[in-house]
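K.L.:
Submitted below is the structure of interest, expressed as structure tokens.
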């Protein structure tokens, strides 16, 4: 039953994926001009001069004068075989460009998710169980501030304070000496020393919203008859809450895991730009701005795949923890 | 065979002119080769390598004819690193401007004359068609392999003139004919053109003129089918699309990030890439080239500074933050806009830096190009009336705009070189600058725009409202949109309805320079008419000549595409071609000024204010940095001020 469900979901994903990539590729090509226009405009803006003949030759070499569907076909047919093409901007194969950035994105996203959950779950439970207590008001107020402050603004403020008052630099994920170094224990420690800043910045608003969700869901459950019954039967308060209402209230957490996957790439792009984080977001943003089609296309393709996989994972997890879904 | 023309310089005009022209060819020749100095000093780290037998001695590395450079203030000491910032990707020219285009020739630090660089000296024949370059004996690439005439021949014949690689850039052709290159001996090459080409040396000194010495034959030839029979295997192994892509990946090109993407590629630069500029990079690091071929006057090998470190900030704000935080030692590009000046000034002490001036050689901060080739026939007709453009200029209260938008920092100006420049042309720069709405009204009435709508705005003769849009990039220069808003109010007072059309830069470029869809557009007029620069506000020869893009296309396609320009423009295009060929500085100046006169009479482009100097920052303690340097793309600020001589005071 569950297996069949999963299988059906996977089969359906394939045509969906193609449809989405076609739309994505069309969107990338939609802005006026192409990579060459953008390249020339950017140089021209910096007061630099470009060689027109060279630009025309590049346009021809890259096949940018070909019809849209043909360009899409070149791209997708190669992508299926694992060849994502050459980045116009960097003259490097796209595949070598994206993986390093992806791994840092995954690390950051996982760390943020852990941080968020570790904070949001207990606080949410606390503020539901102790509704309208001073503690509840306190965390709720802090939560709202966290929710209302845009991440990038928080990042800018933090950077400004760090530079002006402490003379230190909070941007990036590594110290200078580890930037280009191969992975080692020392580099990992260095990463750990840096990553908490973006984790806190990125985690605050998510934590705040999850606290609210947890609180609201739990409040719905706390006065259900089954809770009263269990309490009447003498179950300790802690066990009672953790075993029944929390298990139901956690449902939305699990169903949003799916969103976390595409968030790996697209999440917090602006914050990553502000903080100069070497994650996938800024690279994708730049590829889109430069109309570097194959590089941007590879990211979009990954985003699509991750969304579809993420939803699948969410659905499966939900079915596992919540019997009501399984048997519907 | 040797040239015979000489000329006498007279006064300051002559001094500046000297550099612009071929006439100066022999002056540096004496200054440089006569030095014949031995290299005796080198960086301590290199000395250790020599002692350990890993490197040949310094005298051997620099060759027998190193370039001798006189430092600005003092002989420096070795060591330290220089930190400067890059803004995101596509800032490869930010690296180029620091490392410098090591072409056969370069501009001197004052932007007045072209002097030998990679070439030890050069001769030009009397006609200005034959250019002979004498290379430095014993000079080497950064990997220690010799640099000889074969490298130049490889660059010219296999790449510049090889259409399979890329079309031949216009600067290596005259009258549609590409130049010819010959190797006279191992250290002498000769380029021959079919027609006189006075601007050739200036073209070679520009950042895009480095082609003849860009690639090492020894290394880069392995990426060409002509030299490597197993090229197909290499293409597959490197995941490249074709050999051209493989070549660009490995050896780069003048103007792409990949130029700084391969640490293995030998160069002639003072510093060589160790942490490359590639897609995932968060910083670029360059270290001294142990084989760099320049020494100071006491025989110490340059550069003084060990290492360049360039963190890549994703946006300008992070560059500013790095600057005020004292994490940048030199900064100009991207941070020198007027709105950043207060914050940079405020933090001078905290960041331990001071300002230097970057002065453009002329021009204006903002020009409005009415599209004289507009696709809208009504607008085209009106825009092409000189009286309309004069009225628009008289309808602008420049001083008010300067006081409000530019904090008083400016001076009403149309465009063109400043008063102290030999190419100064009074009419071009100063006509129609006064604010005279009455006269403007009268001129507009005289054009048949005398009917007004209910809102007081003028109507076209056919009764439709007269309105047009001015395209502008708001992020390019924040003062532009502010200035346009004042101009909009001022023009409304004379009944002219203008709409400000702000847009993203790629869209702007596509709309204006590629498809000619604009009514009018804003750009800067920082160009001047110095050799090697395009005077695109007085003659339509570049994609920044937004008053007549189809004319540019007509010119570039030799009359096959675009739109045939009117007689006045054709005449100027002829004069431009003629001026580029002229070897005699006085004749060239006269020709350029003749062109300027015609342009001034036509009055196609409306300027706002003089392009005043901008300010960069430099760390206290960094020496041999000029307090003021010319600012231009052709003189790729700051590299011709020779960063290899900058050093840290103890």
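Every residue gets a Cβ built from N, Cα and C, even glycine.
Annotations in TrEMBL come from automatic prediction, not curation.
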K.L.:
Choose the correct range: of A:102-125, A:222-245, which one does TrEMBL annotate as transmembrane segment? Give that range.
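P.N.:
Among A:102-125, A:222-245, the range TrEMBL annotates as transmembrane segment is A:102-125.
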K.L.:
Which stretch, out of A:167-193, A:248-274, is listed as transmembrane segment by TrEMBL?
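P.N.:
In TrEMBL, the transmembrane segment feature sits at A:248-274.
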K.L.:
When you get a sec, could you say which of A:12-30, A:31-49 is annotated transmembrane segment by TrEMBL?
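P.N.:
So the range that TrEMBL calls transmembrane segment is A:12-30.
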K.L.:
What else in the chain is close to the transmembrane segment (A:137-163), if you only count residues 6 or more beyond its ends and a Cβ gap under 8 Å?
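P.N.:
Residues packing against the transmembrane segment (A:137-163) from afar: 123, 126-127, 169-171, 197-198, 201-202, 204-205, 207-209, 211-212, 215, 268, 270-271, 273-275.
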K.L.:
Looking only at residues six or more beyond either end of the transmembrane segment (A:195-214), which have a C-beta under 8 A from one in the stretch?
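P.N.:
Contacts with the transmembrane segment (A:195-214): 107-108, 111-112, 115-117, 119-121, 123-125, 127-128, 139-140, 142-147, 149, 151, 154-155, 158, 170, 173, 249-250, 252-253, 267-268, 271-272, 275, 277.
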K.L.:
Which sequence positions outside the transmembrane segment (A:294-321), separated from its termini by at least 6 residues, show Cβ-Cβ distances below 8 Å to it?
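P.N.:
For the transmembrane segment (A:294-321), the sequence-distant neighbours (Cβ-Cβ under 8 Å, at least 6 residues beyond its ends) are 2, 5-6, 9-10, 13, 16-17, 20-21, 24-25, 28, 75, 79, 84-90, 94-95, 97-98, 102, 247, 250-251, 254-262, 264-266, 280, 283-284, 287-288.
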K.L.:
Given the cut-off of 8 Å on Cβ pairs that are 6 or more apart in sequence, determine whether the transmembrane segment (A:102-125) and the transmembrane segment (A:248-274) share at least 3 such pairs.
P.N.:
yes
K.L.:
Using a Cβ-Cβ cut-off of under 8 Å, list the residues of the same chain that are 6+ residues beyond the ends of the transmembrane segment (A:248-274) and lie near it.
P.N.:
102, 105-106, 109, 113, 117, 121, 128, 151-152, 155-156, 159, 171, 198, 201-202, 210, 213-214, 217-218, 220-221, 280-282, 284-285, 299, 302-303, 306-307, 309-315, 317-318, 321-322
